[in-house]
2 protein chains.
Amino acid sequence: MSGTRFVHLVDTTLRDGSHAISHQYTAEQIAAIAAGLDEAGVEYIEVSHGDGLAGSSINYGWSAISEEEMLTAAAGAIKNGILTVLLLPGIGTQEDLEMAIHCGARAVRVATHVTEADIAEQHIGMARKMGLQAFGFLMMSHMAPPEKVVEQAKLFESYGADVVYVADSAGAMLPEEVKARVGAVVDAVRVPVGFHAHNNLTLATANSLAALEAGASYLDGTCRGLGAGAGNCQIEALVGVLEKTGFQTGVDFYKIMDVAEDLVEPVMHRPQVVRNAPFMLGYAGVYGSFLLHAYRAAEKFSLDPRDILVELGKRGMVGGQEDMIIDVAYQLAQKRGGA
Amino acid sequence: MSGTRFVHLVDTTLRDGSHAISHQYTAEQIAAIAAGLDEAGVEYIEVSHGDGLAGSSINYGWSAISEEEMLTAAAGAIKNGILTVLLLPGIGTQEDLEMAIHCGARAVRVATHVTEADIAEQHIGMARKMGLQAFGFLMMSHMAPPEKVVEQAKLFESYGADVVYVADSAGAMLPEEVKARVGAVVDAVRVPVGFHAHNNLTLATANSLAALEAGASYLDGTCRGLGAGAGNCQIEALVGVLEKTGFQTGVDFYKIMDVAEDLVEPVMHRPQVVRNAPFMLGYAGVYGSFLLHAYRAAEKFSLDPRDILVELGKRGMVGGQEDMIIDVAYQLAQKRGGA
């Protein structure tokens, strides 16, 4: 690993972190945290509903305030950083993006499932036309082999993405798996490559280092690791580790530690620890939305919910297939009965 | 990394974990947790005061019950595992070890500062004579270069140690630093080598994997990572990650997860998260006992306590030198004033 390479950091405390507080950030909290991150020198400050622009809904959970109020609060607090938004095609629209630009957003991360980059072509094009930096963001990347991730990353690049991200949305990857995917993408595209870690397997920081080793130059994190389940990569710790390793981030390590402890920690609903349920999501490599269904099905068929999650992971089931979980449990119970 | 190698696990929830609950385990808690770990298939179950046999004192904190009661409770609950104790020469004595054997201990880890293995010769010899498995345990290994760690590990081997441990007591090492030290020791001794991680830099699991990659075959952990400051390597997560990586541990992954959540979590006084103070101890590579002194000295001289900790780390100060912290702070303040 090079000792003087620069690593671009994206703080997503005010986007992915919002899952952990049921999207209840107030404008005051957003302004204070965004100002702190900006003052600490964070380059990209992502602010949106946890599921991206227009995520606030009965489906994904209502935000405490409108996206416009969130972005306005952040934009007013940021002097040097780049206000960034997340957009999932199918949830966010062109109008949402226009609103975000109007509020001061200067970069957008367009996120799709790892096999569905093609649904993002228009959104990347639109973002570029509107003068935004556009990131292509491949979610649940552990579900596709490196060659598939490469194919999809190249699609993003062909649409004009400025940066392509490999996202370990389920926190399911081991360092070697991160290296395989990130390394393959780095070799295949000309644009910079990023990596987004989750901590389900207690490997978020290590996986971020593995991504750098494989050639990535953008990393994500949240203060205190704030995020759904096991949470994200703890950004203030990442900054310290990168500094100890010899990388440059432009972030003041003490200042971002203080943002985490003085501003973010008081907002948290619960400590960000790795309990059994989120660990199992990472171990099985499945969606968080599967959890409750698996527990219900386990009760119905007297199974261990962990066996159901592992089976769902083996079958590569994706979000939207929750209704099939009961069938999988039934089959597992039949198999158990016959054994 | 080999996919079928066996990794010996030492659970130290009931020894190193006791720091985090001020050594207040009851006999009932010890019996329940030891029984759970044993039932899960853990090979070594370490039970002692956090600072080893006879640690219970005004200096190191009183245990809730006597060491004899602790060990008797554990021994009565363990059917297959090896009841293990920690002994720090200077704190624990031959008499304490005799008491532990009488209670059912079958292995002892004799721990010294990384440069002081020579004070353990008698204790290792005594343990061997008494029929115990004897581990040599080099604490604060980040403070010595690989060649020094090798020299000290060879001393332990020459005294008859069955296993030699590299311990990252301050949680200060990066994976490459772990590999350098563990790899060098593996190359130099004929006995198996172990690694003991702390999570100050959020790298405990990753560092444990790095140790295996360098040839270690013994690893330590505690349920939920229970331990002083940032805590230890979270053993149930480690078991899951090792299983996912393809290593064998003999431990039932679901059962140890349940011990962590059902038996250990309810005993904890606070969640095991990486806050700023323990992170800084790892970042600076200094003793936990320096923390309070550094904060006091910082206040006196209007310094950031973090700068004092980093300076103490640079100077390689060791436990017992706490009274020099005020001098270091004074010098830093002078330098600052003159700059």
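Glycine too: its Cβ is placed from the backbone N, Cα and C atoms.
Any TrEMBL annotation is an automated prediction that lacks curation.
Checking the candidates B:Tyr287, B:Tyr295, B:Tyr330 against TrEMBL: the one annotated together with B:Arg15, B:Asp16, B:Ser169, B:His196 at the substrate site is B:Tyr287.
The binding residues for substrate are recorded as B:Arg15, B:Asp16, B:Ser169, B:His196, B:Tyr287; their greatest pairwise CA distance is 18 Å. On the 0 to 100 pLDDT scale, the domain 'Pyruvate carboxyltransferase' (B:7-257) averages 97 in this prediction. DSSP assigns B:Arg15 (substrate binding site) to coil in the three-state reduction, placing it in neither a helix nor a strand. Counted within 10 Å of its Cβ, the other Cβ atoms near B:His19 (active site, proton acceptor) come to 22, all protein chains included.
Within 8 Å of the centroid defined by the CB atoms of B:Asp16, B:His196, B:His198, the record's Mn(2+) site, lie the Cβ atoms of B:Thr12, B:Ala167, B:Asp168, B:Ser169, B:Gly171, B:Ala197, B:Asp220, B:Thr222, B:Gly227, B:Asn232, B:Cys233, excluding the listed residues themselves. Geometry remark: B:Asp16 (substrate binding site) versus B:His198 (Mn(2+) binding site), CA distance 10 Å.
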